[in-house]
Amino acid sequence: MFNNPKTPSRHRSRSEAKTPLTPSIISGLNNISLASSPTKRTSRPGAPTKSKSSTGPFDTTNPFIAPLPKSRPSSPVKRITSSGIPNSDSFQRQAGGGVIRKGGVESRLDVVTRDYVPPPKPEVKRSKSTPAVNRAGADKRDRFITNREATDIAAVSATMEQMSLNPQNSSPGHTARLAAVTGMPMNRRILGYHEQPPSASSSDTTLAQQREFARPLYAQRPGAIATSTGAVSNKTRKIPTQPERVLDAPGMVDDFYLNLLSWSCQNAVAVALEASTYIWKADTGAVVQLGECPEGSYVSSVDFSGDGAFLGVGVGNGDVELWDVETGQKLRTMSGHQAQVATLSWNQHILSSGCGDGSIWHHDVRVPRHKVMELLGHTGEVCGLKWRADGELLASGGNDNVVNIWDGRLGDVNEGARGSAKWTKRNHTAAVKAIAWCPWQPSLLASGGGTNDATINVWNSTTGARLHTLRTPSQITSIQWAPHKKEILTTHGYPTNSIMIHAYPSMERVAEIRDAHDSRVLFSCIGPAGDVVCTGAGDENLKFWRIWEVASETTTKKKTLGVGDELGGGRSNSTKEGILSIR
C-alpha cells in the first residue's frame, strides 16, 4: 500500500550486513580506551560545514564507524565522562551480542518488568501505657486504698508531723491518740473488698412468701400523697394522725354494705356488734346494751332519730326495731321486708329503710300500720340512704351503681302508695354506699363509689347536674361533709385503709391519714360538735379523730372545762389512758 521512499545517500554507505566479531577484533577492542567524544562545531546557517579530522586510531582503523556526512546538522553536546568504562565480563557479553557504532556502545539490555518499589519506611510506634499488673516487679499497692498492714506507725506519725501547719505543738504520739479515739487502727486498711454474702437458699420458700405478702404494704399507692403522717394545710392548722380515743369493739361485722355506727345529738354512739346493739355515752363513758336480735340473725344497721331519743335497728331477717334510748326498752318491731335492712334514715317521725331487694319503705312510727310509702327505683340492694335536713329530699344509693334523689313530700299516704325518683344518676360504676347532704348548702349531694369506681361525685339536687368528680385510690366506704368548713371527709378500704379530707369546691386533698385502721375503714359518723369523727372497721376497733376545729365559743367553753373537757360533747381522754372496751 505504501511506497517505501528511496534511501538517502547518507545512509547508503552503511553496510547492511553485520560483520561478526573475530578474535583479532576482540583483542583489538580490549586495547581500546573509550574517550569522550569531541565537541562538534556548530556551523552557521548557510555556511559550509568542515569536519575536523580525527587522529585517533578508531577513526581510520575501525570499519564499523561511518564518516559523518557534511550535510548533517551539528549534534548536541554529549556528556563527558571522567573516566573510561571498565572492561569486565558483563561488558564483554554485551559487546558480543551488540553493535558498536557512532563512537558508542549499543547493546541488548534487559527490559525492566517490575516497577520500582521503595523500601518500607519504619513504622513510628506510639507509646502505650502498660497496666501495672503486666509490669515486671510493679508496685502492687492500690492507689486509692493504701496498704497499712506493712506501715510503720512511727513513720506515718513523722510524715503527718511534717504536714502539720504547726509542727512545734504536735507530738509523736498525736496520731496514735487520734487513731485510738476514733477507733481507726493504723495497721489495717479502712476500706477493703470482701466476698459477697451467700445467697438465700432456694429450697426455703417461707421467707420469699412472707416478702411477697408484705410487698403491697410498702408499695407506692396510687394517688397517695408524699407524706405518710398526714399533711399540714397551712401554718395554723395541722391534722392529727393519731386518734384521741380507741374503743374495743369485738365482733364488728366486716361487711361493706352494712351501716353499724351512729352518733346522736345527745353525744351517744350506737354500734352494732353481731347480734347485739350497744350505746356508749361520751359524757360519762358508760356502755349500755340495748338488747339482742332474734336468734340466728344479726344487726345490719342502726340510726338515731333527730332528737336522739330513739334508735332504729335494722335486722338481717328484714325486721326494723324501734328502741327507747333512755329506758333501754324495745318499743316495737316493724316487719315486712323480705331481705336484710342494710341502711336506715330518720326524718322526724318517718323512719326510712333500705332493703336488700331494692325497695325503700317509709315507716310512720306513730301509727300501727307503719308502712306509709314504698319507693321502687333500684334493682340491687339499697346500701346508702340519707334524708336532707329539711326533709324535702331523700337520696339513696344501691348495689346497682345508681344514685336516686326522691321527693320527700308524701301527700296522701297509704299502704299502697308508690313514689318515683326525681333524679336518677348512673355515673358510678360500682356500688354506692357513701351518701351525704351538705349542711351549709342544702342543694349539694355527695356520693362515693365502691372498688371498681372509687370516685366522688357532687350533684346539684335542684338541677340534677353533676358539679364535681374526683377519682380516689380505693373504694369509698363513707362520706361526710364538714359542718363548719368547706371540706369533705371520706373513708376508704383496701389498699389504703385511709381517711381523706378534700377541700371544696377545688376538691384538692387537704390531708390523708393512711392506715387509719388495720383493715378497711367501713363506717364513720360525726359528733354533735362537728369536730370529732368516729370510724369503725373490721379490725374490731372504734377510733375517734379530731379533724376540725370548732367555733370560738365552743373552744372557750372547752378551755374552762379543764381536765374534764368533752369529746364531741363528752370527755376527750387520750389513748394514753388505755383502750376502753365495749362489752
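Heads up, the Cβ atoms here are built off N, Cα and C, so glycines get one too.
TrEMBL lists region 'Disordered' for one of the ranges 115-136, 225-246, namely 115-136. If you average pLDDT over the domain 'CDC20/Fizzy WD40' (247-545) in this model, you get 90. DSSP labels the residues of the repeat 'WD' (299-333) in these numbers: 0 helix, 22 strand, 13 coil.
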